[in-house]
Amino acid sequence: MKKPFYKVLYVQVIFAIVVGVILGHYYPSLAVDMKPLGDGFIKLIKMVIGPIIFCTVVTGIAGMQDMKKVGRVGGKALLYFEIVSTCALVLGLAATHILRPGVGFNIDPATLNGKEVASYAAKAHGQSSVDFLMHIIPNTMIDAFAQGEILQILLIALLFGSVLAHLGERGRVVTDFIDGITRVLFGIVHIVTKLAPIGAFGAMAFTIGKYGVGSLVPLLKLIGTFYLTSVVFVLVVLGAIARFTGFSIIRFVGYIKEELLIVLGTSSSEAALPQLMEKLEKAGCSRSVVGLVVPTGYSFNLDGTNIYMTMAVLFIAQATNIELTWMQQLTLLAVAMLTSKGASGVTGAGFITLAATLAVVPTIPLSGMVLILGIDRFMSECRALTNIVGNGVATVVVSAWEKELDRAKLRAALSGNGEAAAGEAARV
């Protein structure tokens, strides 16, 4: 029996976002006090992200007959990430050249106050590529879970799952136990997800109440350019990849609409990570591929962040009337391919990454970041939305490459017959 429309989660989230915007606009002081509602919801989701990634990856790897598959899946995923990330970086650069959102500002760099962005610049210089790689190794297993470090948890899960696969039947009891824990954790996620409208309301009310719609007006062209470019990336680049793989990007976006609305309301792609993993399994992707690709993608496949980086750098150059040579722009692309990974998992990662990228183009002052500091919060929603769609598509593609994509399940899920697919997935 079909639910009444007002009981459907995505309808509730849309309503909550609208109410949050209204409250933030008309009663900003009250709206700012709603921040704990959004923060609380994100914390509830984050408390199960680590255990879910661990259990999903462990059971997926433990069930593999060929351990070479782990390396093969990881290699294919990283290759895909690098190619698509490069496309996102180039598209951001091209769109800014064509639409020129920074032209006409005529800002003198000497008049900019860089104190507000100094902390981001310090963090950018504080973490090298070696530091990033060393950070993947946790001090202790417990510390990785306590800090919620996704890549550290992934490393532990890879080792744990590999040992269970090597033990075979002797490790079956442990594997079955972890599989049972996985079902319990997803049950918790289902309960917490019912609170998504409250979290979306609190986060959106706070954003509008604190920053105000008026703060958007001077930089509307940049915001519009970024949103338009992200839509083009999803529909054209990811759309072409999806069509080549055998599914529709429009239907895929419709399939994960609840997760996208949660991300829209909270500005956090992590808030929808557990639900995304579960839905990808129900759509026919193998558990082992989902467990490896999705968590890794959250650090290495940030398509929205990549578009933002090259666009923001070129916008600052245009606004301050600084001409970049083609060689400088190619250098910018090369460095951005590295920095977009190096600052992942750090608070304020988008701005830290931008600071690290600007550091290699000395003709553009770091203080120029202050031009977009005020609107960064409004652009973060689009970054997060693009990131989550990109990671979802990546998982389906790698599953198809591994010939572990159940296309019948995928067609059923994307055509709206998700109930049957979900029931079958639950039995498996």
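Using N, Cα and C of the backbone, Cβ positions are placed for all residues, glycine too.
What Swiss-Prot annotates here:
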TRANSMEM  8-28  transmembrane segment
TRANSMEM  44-64  transmembrane segment
TRANSMEM  78-98  transmembrane segment
TRANSMEM  148-168  transmembrane segment
TRANSMEM  184-204  transmembrane segment
TRANSMEM  222-242  transmembrane segment
TRANSMEM  307-327  transmembrane segment
TRANSMEM  355-375  transmembrane segment
Quiz item: Where else in the chain does the transmembrane segment (307-327) make close Cβ contacts, counting only residues six or more beyond its ends and a cut-off under 8 Å?
Solution: 88-93, 95-97, 100-103, 105-109, 222, 225-226, 229-230, 233, 333, 336, 339-340, 350, 353-354, 357-358, 361, 363-365, 368-369, 371-372, 379, 383, 386
Quiz item: Which of 8-28, 184-204, 222-242 shares the most C-beta pairs under 8 angstroms with the transmembrane segment (44-64)?
Solution: 184-204
Exercise. Would you confirm whether the transmembrane segment (184-204) and the transmembrane segment (78-98) meet the contact rule of 3 or more C-beta pairs below 8 angstroms, pairs 6 or more apart in sequence?
Key: no
Quiz item: Is the count of Cβ pairs under 8 Å between the transmembrane segment (78-98) and the transmembrane segment (222-242), pairs 6 or more apart in sequence, 3 or more?
Solution: yes
Practice problem: Report, as numbers and ranges, which residues of the same chain sit near the transmembrane segment (222-242): CB under 8 Å and 6 or more residues beyond its ends. | Solution: 84, 87-88, 91-92, 95-96, 99, 101-102, 216, 248-250, 252-253, 303-304, 307-308, 311, 315, 372, 375, 378-379, 382-383, 385-386, 389-390, 393, 396-397
